[in-house]
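Have a look at the structure below, then the notes.
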Amino acid sequence: MVALSEKKKPQMKRPIDGTKPHKSFKKPRKEKTRPPAPSELPSSLLVQDDDPDFPRGGASVLTREEIAEARAEAEEEFVRESKKSKGGKKKKGTKKSLAEAVDDFGSLFGNGVTGKLPRFANRISLKNISPRMKLLGVVVEVNPKDLVIGLPGGLRGYVRAEEVSDIIIDDGNKDSKSNLLCSIFHVGQLVSCIVVRVDVDKKDGKGNRRIWLSLRLSLLHKGLTLDAVQDGMVLTAQIKSIEDHGYILYFGVSSFTGFLPKSEQDGDLFISRQLLQCVVKSIDKARAVAIVTSDADLVSKSAMKDLKGLSIDLLVPGMMVNARVHSTLENGIMLSFLTYFTGTVDIFHLQNSFSRATWKDDYKQNKKVNARILFIDPSTRAVGLTLNPYIVQNKAPPAIVRTGEIYDNSLILRVDRGIGFLLEVPSSPVPLPAYVSISDVSDEKVTKLEKKFKEGDYVRVRVLGMRHLDGLAMGTLKASAFEGSVFTHSDVKPGMLVKAKVTAVENFGAIIQFFGGVKALCPLQHMSELDILKPPKKFKVGAELLFRVLGCKSKRITVTHKKTLVKSKLPVFASYADATEGLIVHGWIAKIAKHGCFVRFYGGVQGFAQRSELGLEPGIEADAAYHVGQVVKCRVISSAPASRRINISFVISPKRISEDDIAKLGSIVSGVVERLTPAAVIIHVNGNAYLKGTLFDEHLADHQGQAVLLKSLLRPGYQFDQLLVLDTEGQNLILSAKYSLINYAKEIPSDLSQIHPLSVVNGYVCNIIENGCFVRFLGRLTGFSPKDKVTDQQIDNLSDAFYVGQSVRSHVLTVNGETGRIKLSLKQSLCSSSDVSFVRGYFLLEEKIAALHISDANNPDSSWTRSFSIGSLVEGEIQEIKEFGVVVNFIDNGDVVGFVPHHQLGGINVEVGSVIKALVLDIAKSDGLVDLSLKSELVTSACVDGAKKKRRRSTSTDLQLHQTVNAVVEIVKENYLVLSIPEYNYAIGYASMTDYNMQKLPHKHFLNGQSVLVTVGALPSSCPSGRLLLLLKSTREVSETSRSKRAKKMSSYTVGSLVAAEIIDIKPLELILKFGTGFHGRIHITEVFDNNHDMENPFSKFKIGQLLDARIVAKPEQSGKSGKGYRWELSVRPSLLTGESTKIPTAEEFNFSVGSIVKGYVVKVDGEWVWLTVSRYVMAHIFFLDSSCEPGELQEFQQRYSVGQAVKGKIVSANKEKKLLRLTSCLSSFVSESSVDHEIVKVDIQENRVSNVNCAEHILQGNIVGGKVKRILPGVSGLLVQIGPHLFGKAHYTELVDAWVAQPLSGYHEGQFVKCKILEITRSSEGTAHVDLSLRSSLQDIQSVNSTALDNNLNTHIKRFEKIEDLHPNMDVQGYVKSVTSKGCFIMLSRMIDARILLSNLSDGYIENPEKEFPAGKLVHGRVLSVDPASKRVEVTLKTDMKTEVAKSDPGVFCNLHVSDIISGQIRRTEPYGLFIAIDNTNVVGLCHKSELSDEPIDNIETRYKAGDRVVATVLKVDEERHRISLGMKKSYFGNASDVHIISNHGTDDDSVDGTLLALQQNDDLPHIEKMFGCDSEDPAVLKQAETRASVLPLQVVLDDSDGSDLDNVTVSQEIVNVTDMAAKKSARRMKKKAKEERELEISASEERNLQKDIPKTADEFEKLVRSSPNSSFVWIKYMAFMLSLADVEKARSIAERALRTINIREEGEKLNIWVAYFNLENEYGSPPEEAVKKTFQRALQYCDPKKLHLALLGMYERTEQHKLADELLERMTKKFKNSCKVWLHCVQSFMKQRKDGIQPIVNRALLSLPHNKHIKFISQTAILEFKCGVPDRGRSMFEGILREYPKRTDLWSIYLDQEIRLGDVEVIRALFERATSLSLPPKKMKFLFKKYLEYEKARGDDDRIEHVKNRALEYVESSLA
């Protein structure tokens, strides 16, 4: 913006507009030409005032460069003046005056500089700005390394990060430094700054000047002292440190500091180094501290006071001053302030930003104004001020317009002749001033601006930029500015085609410019389709070419000229959200790696194509087929927009191959070599014409040297018999010929589930990094071995220990199923080979290499190998004697060479030519070399005659597999040892010196003749190479004699041997001993005493150094972790030492039975378990709740146990496989005498199955156990108490405390330990155990008495009735309110018994709101009215007066009532069909049907009768069986008043006849009666049916039974009797039909009650319900909810799974309901919830409608406010269901609800995706959403758009009108109605519109408006008739 405005300034003619730069006085020009060096700027500024004005010595203060620059300027000025002089004498005077005006306009006027009054206000421009100038600015951009500041006059300055603060940043964190600016600054923040340097920026070739600023307070406040600081002064400060009570502030000087108390801070918390403005409240001169406040309101209103001795150095930009108008200037005003100072205000900084031509009239002389300092120039003492109301209020002016925006109706406010004009732009929410320079008025030159444009005209303007501090927009009226698609950076979109002109061509690329002025870069690699080194010739400056935009980031635009991309017709791929599966797009290769290619797309989007998706032939590398920058056509395989990952393929149409033709991972195949490449062998797989395989060089052999040799010998056509399929890449197989992998193919895992911790698996190294090695198995399954787990000894460079492709054995440490990570160890101590596969593979490959050698030789004769066999005697002639041995020649085999090392001569002197007989030790077939030995013992062992051969053969066969023997090293080869076994006739064997993991590591050095211990791994008969293969165990350099003694000594120690040992260490659980010669052993803590001994500390009598006798009980095992060798297992049990017991226990023995008592010793104590060792092989554990039943002991659970402590316990369960017992402490539970005879539960140890029931078998009824409160259940449900690892019990609300207290839950909290008694254990058919507990202390202390005795001693106030037989009428009881309905309430007398209280029995008086008076949990005292043991019904009353109370079940009430009896009563409730009347002195309620109220018809019952009124009625019918009474109140029923008898409870007449007559007279005017229970909110539908019943039956409203469910919301089932008129006159047929309908209604109501009201309370009841309604999702979901209420989440999951299996496949809606419930379950209880929901959702997709399922999941996410997951799901849905209008509307609605921007792109995408016939629906619905929760203006635009296309759609007009009517803008509504009724539509549609218009005016308008609408309608009718 600044550049645009500055570029046109030389064309301005008059110096009115401040945007034009002009010459300034010499002094600022001189300073400008002498900028200090960049490195010295900050320090030089601090001391610049001390520099002398006249330097001594006469030397020039200018450098050579500055002198040259000054001369160049002088020459240019001379040329300009000479040109002006040639212009003619007529204009000379004009030029002179203009030059004077220009000089005045561009100068900075201060005090005393000139004697005359300036004509123009001070302005800052690029030409007069200089260092040390102080400016007020506004932060425009905050970048990681600098700030962009908007300055006065539209200039821009830059602040580097190091110039922000004087406080040094030295935390060493790069991230904190880069985020510093973002954390302490924000866009729109006002800051005071100082100019430190003005550079010439030559980047664009124009030499524009760049202003560098500093915010350092040491520069701004230079010279500030504490004496100059006054109360009320506003200062800028910086947070130096944050203390407890406030902030230490830094003002830029060291003489004083500031303190901001936290009580005085305004708004959010501050952070260190943050700048803030504050007002001085007080000054502590003693401590040199200024106490300040940061109140924003106070800061904005505080003005600078006039101080004595105030200098210009103390003035800071942003200070508010009280000023007076001194005079008006041509482009501003002059103000005087602070007595001594004057300053000017530019025309753009007046109080009115929209100043017109008469603006001077507003500023009379001496007018008082508030102003802020805008800039200060210390060199000229010029001061600029501002009256802008925003800045005066300490706020930045609004910047609400954007570059490129177009405003049609912009009002011209002022025309500045020859300069430009000021506009009022109709921006939103407030208008904004804009200025158009004369150069931007038209594409043609405009000379007289004032003639073409007048004040008050409206013009169309486009915004060029924004002067942020001035609050002024710069605009243009040029017609060319309104053309073209690119005007600003925001117009540029990735993928768009643009035409541009080349402006510069460099080695790195070309700079191009769009026609709107925006520049972009075309990189060198994008100039051409080919890989070029320099720009093509067609890229010339000025050339116009076609480009496609690659991306636009941070205003840096890159384009491409690649022909394929420019002319591509494929979709543009510009965001990760655009990636849909199967999409084919163009991209270009950004990077080529070994495992694939990285491809770039538009907008910075990057995808990855794996090697298998590159379409490469086997053996061809990616970099050989492709190059970086190449354009490729790609197909999207998959995308994850959230993680910004896209997988692509270069194979556009992949070939389909059946699964049978594809080899599976881990399978063995054979193949033929097709060709060889530098890095691999290409194999044609046998049996399949399509499959080819790649066998990389490192997979040819386990040994690196053999692999290289084999590769050199391979030729096309060679047959590989066995190859392992490691991985598949499309149709190409990755193969391996390694023997280690082929041999263990079945054991190598291909999936994470196949890997188990502590196992050892074979694999190969696939990558080595600095931190460790990656080991791969089958497929892509990879594990990682950290650096410290790679080798036993520390190593710096892992490449010295392993190579990529090396075969390794890996020890699995951990497997993380969630992250899929496998942690391995490659330490040889953990991964050593347990067989001879390593050396076996070596010799097998040697055979193959030898065969290849022979086939390549000219004479392929391998018959000589038959003449030599290992261990046989051969005859040869000595050919030569050398330093290292003797060379032997064989007469029959001239090509074979024999060799005898010197150490194998056996002391025999040999000569050349002599014939010898030697033993064959080794044969190298490929080299034709035979190793021989002349040792007498070896030669003698291989006698030639048959008898000795036979003897030797029988001796060698004595060797057995896995036998450990001593061997002697005969020859040390490079990779293996040749050994002889003296004990077995010197049999020759071979052992490897290294192992898989030790190939590159240094191995043990062996000497000839050295004795080693080996294990037989393979016999010659079983080995294909015919060799005896041995596994090296250990080496000992001892003599032959000592070795034999040592072996004899070793063999003497066997299990059962008695040894003398010395104690060398005592540990908590074992004694470490040594015995014999260097042997070590241990005594386990359980091997000290026999089982019947009670010694608490078995090691108390032992000391280090003590000698003792011990018996060996187990062979030694090597300690893998300590690496200390072998330890024998010893025992000092008395029974073993004395010989009483000869049986030594083994690891296989497991003789433990459930219920027996065992003793163990504590090994460790973790969170909830105590771990014990019972024996050397058996462990046990005790759950913390099983350790005690006392809460105090449970609280200190971990402190009660220490390692080595002896603990006794009873076995609860035993697991033989894991050798694990579960115990319960012997003192932790109490079994009462009544439960001693309970059957002991036996656990099937053989099967090791522990069910949910078995976990609770050790807990019996009557036990006292410890528990932990897990959850306080809502309402009156009680407590959920944990009593086992997976077992929970429930404590009923009445079983919490002994006494009846008001709040029994008040003493409990979650996590509290409690003492419980097991009251009852019930088990469902599926094995779930439900335990009822009691926490009442009176029931827990029963160890010496039985339950009967306890009941007799209990006080009545704590007694709980367990049986209904214990209750009888008139008994006083207490209970807690369980639930309240409109009929009454239920109370809990105990956990087994609930009672009901009718509404009439709740109180002696009338209760208006039972729910409020009797909340759930309230303690009530009552008396039993009746008990029915058969139906288990108990009825209680809370009334204190019991004289007239009669139980409802008492049949005497109905016996005393007869037809025609007159009764009195009170109206309980009014209904549309009649009155419910409570008969006096009973609790019976009768119904008086509305037809029996009066002899005359009654239209509205409620107007005549009210609840509470007393009435007299006659009994019409009594039904004793159904307990129903029908009443009548007609006058005709009563007849003669003297005959009336009013029945009371006592059967006597009423007091007087007069009272009865009075009551009868009042029947006609009965008011409303109160509601009586019996009609809940669910009943009106049934009651409506009651009015149509045929007969009038006696009615008595009763409260039905409740099962006392423990669920929260207890509903009581009701029986509503339908009442109709008497059916005496109805026909029999009519009665039959009505009876049938009544029966059907009763059945329907019964089923509804079964499903909805009679909620089951046990799992068994739910099971019955689901069996009866297996396809009802309602029942299944209720079952799940029931299980969740019991905290059994796994059971709820299993029920959901059962429901999905059970519900019929046709019931899609029911199944969908279950899935949605499953989603909610996993969302609440999943671990983690997000992953659990996703897995469930993926399963559900296989069975349900995907769209419905997606919408259901979306609903759940929105309901639980998981907006991030909802947005991700919506993104997938819009791709998967892009043709669904509903999905797109959900997407729009979600964005609007979250108040997100970017609705329009979504609408555009939707319109591209949706079919055309859905566009109107989508747009109209989106518009409605905009009206309701978005921006109504956008909704209007949408309606206007579709109505322009479909003007005759009255439905759209109607919707549009409805939305506007809802908003309520009357003018807009009427204007819209006028438009709609002006259309030419058919009469029917126009009638609809006029009718709607008329209805609106009748509702909102007056008579005139109504008449107006009628006239409009009349006009339409007349015009249509005409």
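Glycine residues also receive a Cβ, built from the backbone N, Cα and C atoms like all the rest.
Residues or ranges marked as compositional bias 'Basic and acidic residues' by TrEMBL: 1-20, 72-84. Here TrEMBL flags 1-60, 72-96 as region 'Disordered'. Sequence annotations record features per position, and here TrEMBL assigns compositional bias 'Basic residues' to 21-32, 85-95. The domain 'S1 motif' annotation in TrEMBL covers 132-216, 318-388, 404-478, 495-562, 582-651, 758-827, 871-935, 1056-1133, 1155-1226, 1262-1336, 1370-1439, 1460-1530. Here TrEMBL flags 452-513 as domain 'TRAM'.
The stretches the domain 'S1 motif' (495-562) and the domain 'S1 motif' (404-478) are not in mutual contact, being linked by fewer than three Cβ pairs under 8 Å (pairs 6 or more apart in sequence). Mean model confidence of the domain 'S1 motif' (1262-1336) amounts to 88 (pLDDT, 0 to 100 scale). Under DSSP, the residues of the domain 'S1 motif' (404-478) split into helix, strand and coil as follows: 7 helix, 38 strand, 30 coil. When the domain 'S1 motif' (495-562) is classified with DSSP, helix, strand and coil residues number 3 helix, 36 strand, 29 coil. For the domain 'S1 motif' (318-388), the number of residues in each DSSP class (helix H, G, I; strand E, B; coil) is 7 helix, 37 strand, 27 coil. Counting residues per DSSP class in helix, strand and coil order gives 11 helix, 35 strand, 26 coil for the domain 'S1 motif' (1155-1226).
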